[in-house]
Amino acid sequence: MTDHTMKKNPVSIPHTVWYADDIRRGEREAADVLGLTLYELMLRAGEAAFQVCRSAYPDARHWLVLCGHGNNGGDGYVVARLAKAVGIEVTLLAQESDKPLPEEAALAREAWLNAGGEIHASNIVWPESVDLIVDALLGTGLRQAPRESISQLIDHANSHPAPIVAVDIPSGLLAETGATPGAVINADHTITFIALKPGLLTGKARDVTGQLHFDSLGLDSWLAGQETKIQRFSAEQLSHWLKPRRPTSHKGDHGRLVIIGGDHGTAGAIRMTGEAALRAGAGLVRVLTRSENIAPLLTARPELMVHELTMDSLTESLEWADVVVIGPGLGQQEWGKKALQKVENFRKPMLWDADALNLLAINPDKRHNRVITPHPGEAARLLGCSVAEIESDRLHCAKRLVQRYGGVAVLKGAGTVVAAHPDALGIIDAGNAGMASGGMGDVLSGIIGALLGQKLSPYDAACAGCVAHGAAADVLAARFGTRGMLATDLFSTLQRIVNPEVTDKNHDESSNSAP
């Protein structure tokens, strides 16, 4: 996967993402425009994959290359030929089929044989000396679980001690969705070509891609002139959204935020949302909650303004606020329902999370000034489907949420997806497994709410908030690891993250001082 620390990624990964079907249609056009053949593109792909293998595993002396019966297999034949040419021992296993190979793959296969290479059946006993496996079985056209013979090869590769380099995409991972309906290669490195595919960034991608590498195959000039439907957002882009503040700015310039929630026993949720909003730069934060929570919240975070939630305090606060966040610890009893009914007609930007989403699923409506932030379980309730259906196509489900509920939808998870009308779609390339703990969603709500108050558009606030949230966790993970990370731990790094001009300066200075 891409580098999720604050360091610059050592491998250049683009921020544009293409559906695999669009790449397949576009690569022929690109080749024609640039005077290339598709076979020349295959040779470039094989060369790029070979270089990744050599760079990552310079001491590997016996490569096992697994070739499928398609153009992904053609790339594998090129890798095998290049490895053999430099004296590496290569064992190549090929999947046979009654169908002829695509023209380009057939040429690559012929070149391998002409170079003295041999092709073995896929069911042979693997040599004991194999110390690198190259996965070129299945490409980006896969739509379902691999068939049994390929699944057996995948399982064998995964159980073998040799590292695996996947060509274009790990076999068994769906390029459009990141779903894994059957067996899937667990790669240590993946080299993908021409453009990033969404399935490399969301769903199960992080479990199976390893370190992600990219090569445009020389199509940069053509790619630069194309519009893409999906964007990858990462920590490097925070400076695009979060500019240095004017020296004369005051607290009123940075947003007046009201946060509503914290029913009996859930004061922690509303406290985390409130502090996250402050740490993300909100000018003023008012919390409306149960009276029993007032003293503990003020003691824990005196910068918050904390009031009992009543109809009068809610009415006055809605008039005062620039932004409303509702849901953390709200509950689904009458207390929370009445507050949500009052907030529904708020005309300014608002964010609904947690129990607000569970209540929304019962009484759905469409609001264009609202950001919703469901995890897969909440998204399933909002769309009336199963969690498995949500996870099978996260991008499509995020778009469905926008179609049904309006505004901006943030479908949380590894490779969070952010969608907005009419066709804005982003994948968040930040965050880690340490965030799989209680309270992380409450912190995210506060961050996005704060950015809404700082005049970012709902879509930009959602994208920037998710990136800042994940990047703060990545700093912690790089230092302490992912196990045992708490939501409140993010506060120690969040302030750094939302001031990217300081972060960039510190990074540049440390880079310049390095020996």
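Indices start at 1 and increase along the chain as displayed.
Using the three backbone atoms N, Cα and C, a Cβ is placed for every residue, glycine included.
Per Swiss-Prot, the features are as follows:
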type    : residues              : note
BINDING : ASN72, ASP135, SER171 : K(+) binding site
BINDING : ASP168                : (6S)-NADPHX 1 binding site
BINDING : GLY329, ASP442        : (6S)-NADPHX 2 binding site
BINDING : 412-416, 432-441      : ADP binding site
DOMAIN  : 23-225                : domain 'YjeF N-terminal'
DOMAIN  : 234-501               : domain 'YjeF C-terminal'
REGION  : 1-227                 : region 'NAD(P)H-hydrate epimerase'
REGION  : 71-75                 : region 'NADPHX 1'
REGION  : 139-145               : region 'NADPHX 1'
REGION  : 235-515               : region 'ADP-dependent (S)-NAD(P)H-hydrate dehydratase'
REGION  : 375-381               : region 'NADPHX 2'
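All features noted in Swiss-Prot, drawn onto the structure.
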{"residue": "ASP135", "record": "K(+) binding site", "DSSP class": "strand"}
{"residue": "ASP168", "record": "(6S)-NADPHX 1 binding site", "DSSP class": "coil"}
{"residue": "GLY329", "record": "(6S)-NADPHX 2 binding site", "DSSP class": "coil"}
{"residue": "LYS412", "record": "ADP binding site", "DSSP class": "coil"}
{"residue": "ALA433", "record": "ADP binding site", "DSSP class": "helix"}
{"residue": "GLY439", "record": "ADP binding site", "DSSP class": "coil"}
Extra residues within 8 Å (Cβ to Cβ centroid of ASN72, ASP135, SER171), K(+): LEU66, GLY68, GLY73, GLY76, ALA136, LEU137, LEU138, GLY139, ALA166, VAL167, ASP168, ILE169, PRO170, ILE185
Fewest-neighbour residue among binding-site residues, criterion Cβ within 10 Å, set ALA414, ALA433, MET435: ALA433
Pairwise Cα distance for ASP442 ((6S)-NADPHX 2 binding site)/MET435 (ADP binding site) [Å, integer]: 12
Shortest C-alpha distance to GLY439 (ADP binding site) - which of the binding-site residues ASN72, ASP135, ASP168: ASP168
Rounded to the nearest Å - Cα separation of the residue listed as '(6S)-NADPHX 1 binding site' and SER437 (ADP binding site): 33
DSSP-assigned states of the region 'NADPHX 1' (71-75) in counts, ordered helix, strand, coil: 5 helix, 0 strand, 0 coil
Residue pair ALA433 (ADP binding site), SER171 (K(+) binding site) - Cα distance, angstrom, rounded: 23
Spatial neighbours, same chain, of ASP135 (K(+) binding site) - Cβ under 8 Å, 6+ residues apart: LEU66, ALA157, ILE164, VAL165, ALA166, VAL167, PRO170, SER171, ILE185, ALA187
